[in-house]
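Per Swiss-Prot, transmembrane segment is recorded for 8-28, 61-81, 95-115, 145-165, 174-191, 195-215, 238-258, 270-290, 321-341.
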């Protein structure tokens, strides 16, 4: 029965996002966001015995409900004064609507809820929060992009995403701050090219799925649990290490491709100041990925009797190997195809 209800909620979750991105009015977009929210809450609260999960789902609901109420208020004002037109909005209404969408997506300076909610979720639900749940708000943001307003959010997202992950001992919080940093890059890509941010999001989602599935299989939630995999196959440890480097955007891995495209675009437009800041802050995120990798490779602990056996089954192993191959060698394959063509 629980599996059937979860499947229904999962279908309505996808339906809500599709309603939002295909809507031609703000009210229809709001309805899609609400369908998405009310479908995701039961999926988040999959383990009722875990109080941290219940707390996270409550925090998520309160934050999203607050954002939705402000968004509905702004939409009513828009319908009353401007006949629900996307283009005929004054700055006050526009900033109010876009601020609520930034709050829903977890971008700085409205990011306060995101790491705390991530901390209480399972890896699969956290993956949905980092990827699928951002699609609808980002699509709505791309319809109305205010340069000066979003420049502040871009810089703050990259800054907080980089510095916030430095002192973390929780892998889920580290991934949350990493997501905030990547969200800054997506907004930066959106500033110049609508297709560019979609490409960035697609590759980021692929890399996140690859690394999160590995964390989920080994039940890794904190840095000290990484010592458990010191007795693992060295190839598995190497795959985690390379995936982290790819997520950090280090060449020649696939994660470098979207950043490369954004850098190229910004260089052509002469926006060197924001480009320099973005690259410098990304180096900090690469540092805490390397710090996580150091725990995997350099530190060795004796196996304790209380350590749980991992459930890294063959089926999931094959899926992970495919995703890892794409993540690690994707950029090389794209370059080879480009050279052939």
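Cβ atoms here come from the backbone N, Cα and C positions, even for glycine.
Note: the stretches the transmembrane segment (145-165) and the transmembrane segment (270-290) are in contact (3+ CB pairs below 8 A, sequence gap of 6 or more). Residues 34-40, 42-43, 75, 78-79, 84, 86, 97, 128, 132, 135-136, 139-140 of the same chain lie 6 or more positions beyond the ends of the transmembrane segment (8-28) yet place their CB under 8 Å from a CB of it.
Sequence-distant contacts of the transmembrane segment (174-191), counting only residues of its own chain at least 6 positions beyond either end whose CB sits under 8 Å from a CB of the stretch, comprise 105-108, 111, 114-115, 118-119, 126, 130, 134, 138, 141-142, 145, 147, 150-151, 153-158, 160-162, 164-165, 168, 197, 199-201, 204, 208, 211-212, 247, 258-259, 261-262, 265-266, 274, 278, 281-282, 285, 288-289, 292. Taking Cβ pairs closer than 8 Å, the transmembrane segment (270-290) reaches residues 151, 154-155, 158-159, 161-163, 165-166, 168, 174, 178, 181, 184-185, 188, 244-245, 247-250, 259, 262-263 in its own chain, all 6 or more past its ends. A Cβ distance under 8 Å defines the sequence-distant neighbours of the transmembrane segment (238-258), meaning residues of its chain 6+ beyond its ends; these are 178, 185, 189, 196, 199-200, 203-204, 206-208, 210-211, 214, 229, 282, 285-286, 289-290, 292-293, 296-297, 320-321, 324, 326-332, 334.
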